[in-house]
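Below is one structure, written out as structure tokens; comments come after it.
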Amino acid sequence: MIQIGKIFAGRYRIVKQIGRGGMADVYLAKDLILDGEEVAVKVLRTNYQTDPIAVARFQREARAMADLDHPHIVRITDIGEEDGQQYLAMEYVAGLDLKRYIKEHYPLSNEEAVRIMGQILLAMRLAHTRGIVHRDLKPQNILLTPDGTAKVTDFGIAVAFAETSLTQTNSMLGSVHYLSPEQARGSKATVQSDIYAMGIIFYEMLTGHIPYDGDSAVTIALQHFQNPLPSVIAENSSVPQALENVIIKATAKKLTNRYRSVSEMYVDLSSSLSYNRRNESKLIFDETSKADTKTLPKVSQSTLTSIPKVQAQTEHKSIKNPSQAVTEETYQPQAPKKHRFKMRYLILLASLVLVAASLIWILSRTPATIAIPDVAGQTVAEAKATLKKANFEIGEEKTEASEKVEEGRIIRTDPGAGTGRKEGTKINLVVSSGKQSFQISNYVGRKSSDVIAELKEKKVPDNLIKIEEEESNESEAGTVLKQSLPEGTTYDLSKATQIVLTVAKKATTIQLGNYIGRNSTEVISELKQKKVPENLIKIEEEESSESEPGTIMKQSPGAGTTYDVSKPTQIVLTVAKKVTSVAMPSYIGSSLEFTKNNLIQIVGIKEANIEVVEVTTAPAGSVEGMVVEQSPRAGEKVDLNKTRVKISIYKPKTTSATP
């Protein structure tokens with residue numbers, strides 16, 4: 001274990017331990033090189049550092065994740081070894097794993113479950129494109145950021161399609177609750193194995209639990225390739241059949257029945273909540289024969305309740321005691337056949353006479369009493385026709401919100417279906433006005449007109465949809481930039497909550513930035529992107545020995561100025577250029593050494609352009625070796641590349657002694 005507060009690998013200050021896996025520990029750390037950015041550091045535990053298989057598996061994860069750059073995959077920032085310890089650093093996701101999220105937020109709405117699964121599929125599409133099978137997909141290996149973004153992690157047992165397994169039992173690595181049937185049989189994991197695991201994860205999101213469980217790994221594994229998948233709709237009636245069909249196909253036991261790619265599953269998932277799939281039949285597979293698929297017809301509630309219970313009881317009794325065809329209780333001696341026929345005929349005739357007499361007596365005294373038909377789920381027109389056919393009158397129509405019954409269809413009658421009423425009784429209809437609530441989607445980046453139409457379709461009144469415009473140079477006019485209610489919010493139509501959409505409009509003004517010190521090419525490009533006409537961007541060059549050539553030294557107008565692009569004015573940028581001429585300093589009275597050094601190092605004159613001559617005459621007070629003349633003179637302009645500088649040094653004549 002790494003000590004808290006220690007600086008690991010020369011850059012990571014360990015804050016705390018946040019995880020402990022089968023082979024590695026995970027720490028929250030601050031990256032000192034990246035200004036204290038929080039990262040997760042995963043370190044292979046000491047007892048595995050000398051295990052070549054463990055090290056290979058750890059390095060496999062590092063390589064696999066480093067090769068996958070995707071917004072829905074945890075990003076690797078560093079891989080290395082410190083004091084013999086294998087480690088990798090990755091982005092820190094400050095949220096929950098999907099397992100815990102399901103536990104704390106179940107039930108998840110259909111929309112949220114589809115959104116999360118869609119993000120997981122996009123991540124795995126990249127992995128599969130790169131030839132990588134995860135092989136350990138489970139909710140614990142999917143992290144959710146505070147804004148609900150899903151990120152896949154822990155590619156610790158991922159394997160490339162073409163690579164050889166690490167060990168003979170390698171194909172059985174992974175969590176058995178999400179293990180595909182082919183893996184449970186010991187076959188090699190494939191892309192379709194990951195798809196199966198995602199199907200089980202999706203099942204868990206919509207039901208709150210895993211489909212197969214048991215006392216041992218063997219028991220659970222057997223269920224994966226022997227037991228049919230329990231019905232999602234049986235546990236969560238809000239799930240439409242099209243959505244359950246996605247899970248059924250993803251978890252098909254035969255590979256030929258399962259999705260062949262995550263792209264195929266993603267396309268099917270994307271339309272699973274659409275209106276045109278609302279009446280989809282349940283998808284089933286024959287997992288034992290060559291037949292690929294069958295379709296079960298939809299069964300209505302009335303069909304279910306009409307199945308004779310006596311038959312079920314009889315069958316149950318015959319199965320329970322099949323050897324006893326006739327019991328002592330059921331046995332009766334039988335009369336001769338001729339007498340039996342005569343007796344039955346007389347009894348039947350008497351019964352018919354009695355029934356006829358009773359009917360005549362009842363009908364002559366009371367109006368007919370009829371059971372009200374069940375019209376739930378029918379349109380208003382269909383329900384009225386059904387009731388009129390049964391000799392009922394139509395009463396009042398009332399509307400009521402319903403999460404299950406489609407708008408415009410009957411929820412129930414008043415009095416209720418099956419109730420006995422006289423002919424001509426007025427039957428009231430309770431009609432669905434649609435869902436009382438819905439999940440707010442992510443509208444950012446979409447056209448505001450499309451979003452408004454969608455909200456109106458969901459019965460949000462016009463006066464509750466507020467549009468606020470905001471100038472934008474980055475987004476197309478009419479695009480939604482912000483929304484007041486975040487994605488995933490449950491919107492209750494009865495509470496009349498306002499929805500504010502901030503929509504981009506073409507910018508007419510911009511704020512000029514501080515361009516001093518920046519490269520002129522970048523600034524010109526930025527101004528052009530903000531619709532400043534190129535002919536109004538004026539560049540003035542000025543020699544500078546202090547600034548890099550091309551660097552902006554002055555600007556007009558200044559930083560912070562509001563600039564109207566609809567009425568553009570000139571912007572002047574003063575840009576540094578390399579110094580080519582300077583004013584000649586005065587070196588009269590200086591030494592030769594000082595003068596040359598200053599000309600070369602400070603002024604920038606090349607040594608080859610400096611000429612030194614000696615003169616024997618000089619002003620009074622001159623000292624030998626002193627500069628007494630210079631050309632050019634002090635203050636004159638000197639071209640650093642062309643001008644030759646002449647320096648005259650005083651050297652007095654030597655006089656010889658008289659003999």
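Note: Cβ is positioned from N, Cα and C throughout, glycine not excepted.
Lys42 is the residue from Lys42, Lys99 that Swiss-Prot records in the ATP site together with Ile18, Gly19, Arg20, Gly21, Gly22, Met23, Ala24, Asp25, Val26. Between the candidate recorded positions, Ile18, Asp136, the densest Cβ environment within 10 Å is the one around Asp136.
Helix, strand and coil counts under DSSP for the region 'Disordered' (541-561) come to 0 helix, 9 strand, 12 coil. DSSP assigns Val26 (ATP binding site) to a strand segment in the three-state reduction. Just so you know, the Cβ of Gly22 (ATP binding site) picks up 11 other Cβ atoms within 10 Å once every protein chain is counted. Reported as a whole number, the C-alpha separation between Asp136 (active site, proton acceptor) and Gly22 (ATP binding site) equals 13 Å. Take the binding-site residues Ala24, Val26: by the count of other Cβ atoms within 10 Å of each Cβ, the lowest one is Val26. Taking the Cβ of Arg20 (ATP binding site) as centre and 10 Å as the limit, one finds 11 other Cβ atoms among all the protein chains shown.
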